[in-house]
Amino acid sequence: MNIVILAAGLGKRMRSALPKVLHPLAGKPLLAHVIETARSLSPTRLVVVVGHGGDRVRDMVGAPDVTFATQDQQLGTGHAVMQALDQLDDTVPTLVLYGDVPLTRAETLNALVGAAGQDHLGVLTVHLDDPTGYGRIVRDATGRITRIVEQKDANETQLAIHEVNTGILVCPTARLKTWLATLRNDNAQGEYYLTDVIERAASEGLPITSAHPLAEWETLGVNSKVQLAELERIHQRNLAQQLLEDGVTLIDPARIDIRGRLTCGRDVVIDIDCIFEGNVTLGDGVRIGAHAVIRDAAIQAGAEILPFCHIEQATVGAQSRIGPYARLRPGTELAEDVHIGNFVEVKNSQIAAHSKANHLAYVGDATVGSRVNIGAGTITCNYDGANKFRTIIEDDAFIGSDTQLVAPVRVGRGATLGAGTTLTKDAPEGQLTVSRARQTTVNGWQRPVKQKKDA
């Protein structure tokens, strides 16, 4: 099967320099959703027709299994498909999709393709309470589809029809090429309508079949920021519904955003206003506190993420406790039962089991052993203005509060660093290392007294 995706529209109502099909829905471009669905149908050829912002669209797709055709002038959907004809295989049917209709399910498209087979024309239609703006499906007395009439070209009788065209169709490729060559633009829009091939098929006696989506939202397109926002909410509601059906506890299903792929184990609990981006995995029994932002991360079984944490490209070990207000940056790997507390930032570091940094610390470019305690205010000074260096803290070390470790430096096994230490040389294992000014008490010292000004 050939698949052609139309993605050349100007998108004037979006009021944006970004091509319409590149606007994000659930964290990825509208067109990316359509291409993902198209790939699931295993097409032999996949062609995207581009126009406005075509170079940016090509750059976004950047995949060897997708080829492109260009529609320099926006002269209608029929004209757009014409631009792709020389890339299509005549021996298999062609399915036409739209880059701004992102949520059509593969199951629905398979039903349409199955109904049409190799020799029939198939149209995806839907019944709408308010069909305003859509092309109407015209059937004869026997129920056969005879034509599709666009809103601006419809008479009063046709405007009363509630079955509408979604624009998605499949038909034999050789016939499609013949019909497109006969299209005319003598209509209110002055465009070449792809839907006119329906009338051509009917006049030749070719059977026209139809299929219907399970839900209206599968056929909704995006022409404005308002419609994009509405479709985002619909999509997020559907994703939340699936999580609930899979056994995830959502404290408020209307207050979660998934902008990628979220995989959850058993007995996962997610509080309000959490955002998941990229590929996120939550193990069994994980609890996510309110207002967390988690991107491309794995949270292992039994871990708890307290409110207002930001986690990106990190791994959180089983039974660990993170936050509140903690930040795990790319390259962070935490083993089991690690505690990262409030206002602690960890970057490109590995922290072994049972270690803790509970308050106000920065751990960057570090390797931390097991059972290490990192005191409040501790900083690994990893950057000299030109290069970054690593800090190594071995098992059972105790780092006192307000300590600076100037990398590259090593803290030996079981070593203790006194509070306020600035460590510039390795600290030997099992020893107390302190680097700070000696405390002095000045006997008889008095605070200065403010002098009185003369009147």
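Glycine is no exception: its Cβ is also placed from the backbone N, Cα and C atoms.
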Swiss-Prot annotation, acetyl-CoA site containing ALA376, ASN382, TYR383, SER401, ARG436 - matching residue among ALA415, ALA419, ALA427: ALA419
Span of ALA376, ASN382, TYR383, SER401, ALA419, ARG436 around acetyl-CoA - largest C-alpha separation, Å: 22
Distance [Cα-Cα, Å, rounded] between GLY76 (UDP-N-acetyl-alpha-D-glucosamine binding site) and ALA376 (acetyl-CoA binding site): 65
For the region 'Linker' (226-246), distant same-chain residues with Cβ under 8 A (at least six beyond the ends): 14, 23, 25-26, 102-103, 217, 220, 253-254, 256-258, 262, 264, 270
GLY99 (UDP-N-acetyl-alpha-D-glucosamine binding site) and SER401 (acetyl-CoA binding site), distance between Cα atoms, whole Å: 56
TYR383 (acetyl-CoA binding site) - helix vs strand vs coil (DSSP): strand
Neighbourhood of ASN373 (UDP-N-acetyl-alpha-D-glucosamine binding site) by C-beta distance under 8 A, where only residues 6 or more apart in the same chain count: SER355, LYS356, ALA397, PHE398, ILE399
